[in-house]
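Annotated ATP binding site per Swiss-Prot: Gly169, Asp170, Arg171, Gln172, Cys173, Gly174, Lys175, Thr176, in sequence order. Sequence annotations record features per position, and here Swiss-Prot assigns site 'Required for activity' to Ser373 based on sequence analysis.
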Amino acid sequence: MQLNPSEISELIKSRIQGLEASADVRNQGTVISVTDGIVRIHGLSDVMQGEMLEFPGNTFGLALNLERDSVGAVILGEYEHISEGDIVKTTGRILEVPVGPELVGRVVDALGNPIDGKGPVNAKLTDAIEKIAPGVIWRKSVSQPVQTGLKSIDSMVPIGRGQRELIIGDRQCGKTAVAIDTIINQKGKDLICIYVAIGQKASSIMNVVRKLEETGALEYTIVVAASASESAAMQYLAPYAGCTMGEYFRDRGQDALIIYDDLTKQAWAYRQISLLLRRPPGREAYPGDVFYLHSRLLERAARVSEEYVEKFTNGEVKGKSGSLTALPVIETQAGDVTAFVPTNVISITDGQIFLETDLFNAGIRPAINAGVSVSRVGGAAQTKVVKKLSGGIRTDLAQYRELAAFAQFASDLDEATRKQLERGRRVTELLKQPQYQPLQVWELAVSLFSANNGYLDDLDVKDVLPFEKGLREYLKTSHADLIKRIEDTKDLSKDDESALHAALKDFKKSGAY
């Protein structure tokens, strides 16, 4: 058989042309050390900051330190099976979590994996956990309220949709209680809630979930849990994951509320990671970028304009503005608000609700210090009726606290001072509220109205709360039309004021409290 050289070359050419070879180019390196969930890797030349890395056993990590001859990464999850010499591959992806309405009513971890035993989440979309906050042009000023249902907050420290309001205080003084009451009060108000639990005991998180289930609040709530037993990496990532889940609703013209409970634990977790990565420590051993840790998170809470929503949804949603309201929680040590993390977060947020252990122990709950607590933008969002009635309350309380300090030393007080002290005692009593019992707008309005117009002045202090409760029941049965008008208009007309005066006089005459 004679072979023609031209035939051979044609045959080889056709074979080469028909060859389909696809090369999957992936950079890989070698683990050189593993310490407390922190891995040093040699040989990853083109890895990105924040890129996902693939380890053996379907384990992933996050590249945080890019050094000249090595990469420092943090493992997401278990790391006991990773050892020196293991191969690490780059993925070319950044960390994403599932987002969407499928997450509502579920309890998930910091990576969006369900941990409530109710099966898979089946979310259709995922989104990056680190995102740039909307620019100034796309934002709108805060103008709609978030009703917490707590008398002292809604009257003196109002919160608006798109605001960042800090809840700050020592341990065990009611910070989580304020946050949970706010979630419970959103029933039927078209507000999706996200509760991010960071570094808490698993039993405490379970109690919160159970209470939300009992009150029917879990139907519109997502719980993101990174308990104390989880790695520092998960506690560091949980707030960003929760924020991304909230942004899904904000960017589609809906309203969402996110609670970070608490950011002190996140700062501790980040400090631990940074020290293990051998980053230089600064004040209180925190790394230099701990301010940026919280600012880039809290700046993502905003009220965005109709144009932003329309642009984001490619014209599917028109004429609707969206909002993400943030209530970060910070735990102080012995009331020290001048520590590093508290001062950082106070400067980032639009106001703070300051809770005091002394007030809590004195039975004044919620233990809000009216003098130090402030809402810088919430006043514009306060409902008309509450704004009209709450001005006097704050002044009364502030003057009462001032006078009460002097009255300890003064033996004989003039009539005006004595009256002011008596009024202050009754207002303080009126603002007390049991946990898990948030009030509607009309109930708050009626309480403030009775205090402002002197209907509590001749009552014993111990009778103030029974009087308030009895008054609400009386109005429900005898003046349902008045309640409906206040609730619908969120205002108090002259006729309604006259009707309320008459109702209060009748109720007081009856003595049914």
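Backbone N, Cα and C atoms are what each Cβ position is placed from, and that goes for glycine too.
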Cβ-based neighbourhood (8 Å from the centroid) of the ATP site, residues Gly169, Asp170, Arg171, Gln172, Cys173, Gly174, Lys175, Thr176 excluded: Glu331, Leu355, Thr357, Phe360
C-beta crowding around Gly174 (ATP binding site), within 10 angstroms: 20
Those binding-site residues listed as Arg171, Lys175, and which of them has the most Cβ atoms within 10 Å of its own Cβ: Lys175
Alpha-carbon spacing, Gln172 (ATP binding site) to Ser373 (site 'Required for activity'), which is rounded to whole Å: 18
In three-state DSSP terms, the structure that Gly169 (ATP binding site) belongs to: strand
Integer Cα-Cα distance in angstrom, Lys175 (ATP binding site) to Ser373 (site 'Required for activity'): 13
Sparsest-packed among the binding-site residues, when each Cβ's other Cβ atoms within 10 Å are tallied, from Gln172, Thr176: Gln172
Per DSSP, three-state class assigned to Lys175 (ATP binding site): helix
Fewest Cβ neighbours within 10 Å, where candidates are the recorded positions Asp170, Cys173, Ser373: Asp170
Long-range Cβ environment of Gly169 (ATP binding site), under 8 Å and at least 6 residues apart: Lys175, Glu331, Thr332, Gly335, Phe354, Leu355, Glu356, Thr357, Ala367
Three-class DSSP secondary structure - Ser373 (site 'Required for activity'): coil
